[in-house]
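Novice: Before anything else, here's the structure in question.
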């Protein structure tokens, strides 16, 4: 039987001592509960319904108080299915908000919104729990220094660098390498920063969540034989779960990440897939609670709910939480209130391109569409900024010339444009990189490339020093020295074929 951290953690008085109420009304996932006078629970308190249904099966439903209605009644939203509940059933006020296990014991495990393990690996050996509703760090605790969060991925570090303690939007459809990019980031932060990661699956497909778990085990991000050596904790609230669970699962994942930042003083990577589903679940709950909808049917508290989640993701003097959030854009409408509210919080955007993926260039990050507020001379320095701008200019010129090349051919271009195209094609291939987590699939050893090495490599291509090397030499290599070595190998192979 699963142990609920909210009701079983140390310091929580036994259920018999708590105030009890009765279910008055059930409308889908929303319960109205009547309590004795003077015994009303607070907003966000967890309520538990423990009973037997008509089929003689055990019911254990946790709810969260959302409204105080008057006449000793409260309205709560269920975190699991309300099947089998009946009016008149007893409801226990736990006297505290939902609390979840935190710390090293959560690594390598899968949890639901209540912090209960759902991976059949037994209970979690963690005495520490945190409530999921917490305040954002105080102004005095925030680290205001703007610093780059080095990922070891060339295209990200050079053209759309991440901010330490920042928020990044990850835009990508199915099959363009989003999962592999996520796993590589989890792997690299563990190796380069000694950090850990938390993955929050908010309203995602159960199949995708299972696939991610299996791929993480295959690539070593989750160490099945020695679970303590795993680098990530997973928290899932899938599409089939009630809106209350999908609305709160992001906070559960964030709470686990906050412990690593505040207590263990680590750099944490927090993935939220998908932030749109968080908004969507909030919209459903808002309608169920009877609030008047706002623009496009969204909840009137959209900005407040988004802000309360996003403001907790910050860099403090103890450590940092850097968040990468997958953003679904409904009907590709960027003015839709859900993505528009999300954009206001983002420091960088990483756009994955199907066109690049079809060319076999991985990671398929679009170098022209991806942006970052960190790419400024005063933050990254003149050398980095100028190199990035020249790379973008070269790629942009190549993009403009592609139509002419398709119609008239490469020979019709001027000498200068032919040189630009040759360098752009080398740059495009040099932006690809072998990943550690893809070693088992590709047979190529993964590469972590430091920022200084990345800048040096692109400067050499732009300066024309490597014009004599074939473009294949730049494909799927780490630093620029490997490209030179690969060119020699390719030349020897060609000679031996002749």
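Using N, Cα and C of the backbone, Cβ positions are placed for all residues, glycine too.
In case it helps, Swiss-Prot gives these features for our protein:
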type	residues	note
BINDING	172, 173, 174, 175, 176, 177, 178, 179	ATP binding site
Novice: Near the ATP site, what residues other than 172, 173, 174, 175, 176, 177, 178, 179 in the same chain have a C-beta no further than 8 Å from the centroid of the listed C-beta atoms?
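Specialist: Residues close to the ATP site, other than 172, 173, 174, 175, 176, 177, 178, 179: 352, 357, 364.
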Novice: Which secondary structure state does DSSP assign to residue 172 (ATP binding site), in the simple three-class scheme?
Specialist: coil
Novice: Counting only other Cβ atoms and using a 10 Å cut-off, which of the binding-site residues 174, 176 scores lowest?
Specialist: 174
Novice: For residue 177 (ATP binding site), what is the tally of other C-beta atoms lying within 10 angstroms of its C-beta?
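Specialist: Result for residue 177 (ATP binding site): 20 neighbouring Cβ atoms inside 10 Å.
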Novice: Relative to the Cβ of residue 172 (ATP binding site), which residues of the same chain, six or more apart in sequence, are found under 8 Å away?
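Specialist: The answer is 178, 326, 351, 352, 364.
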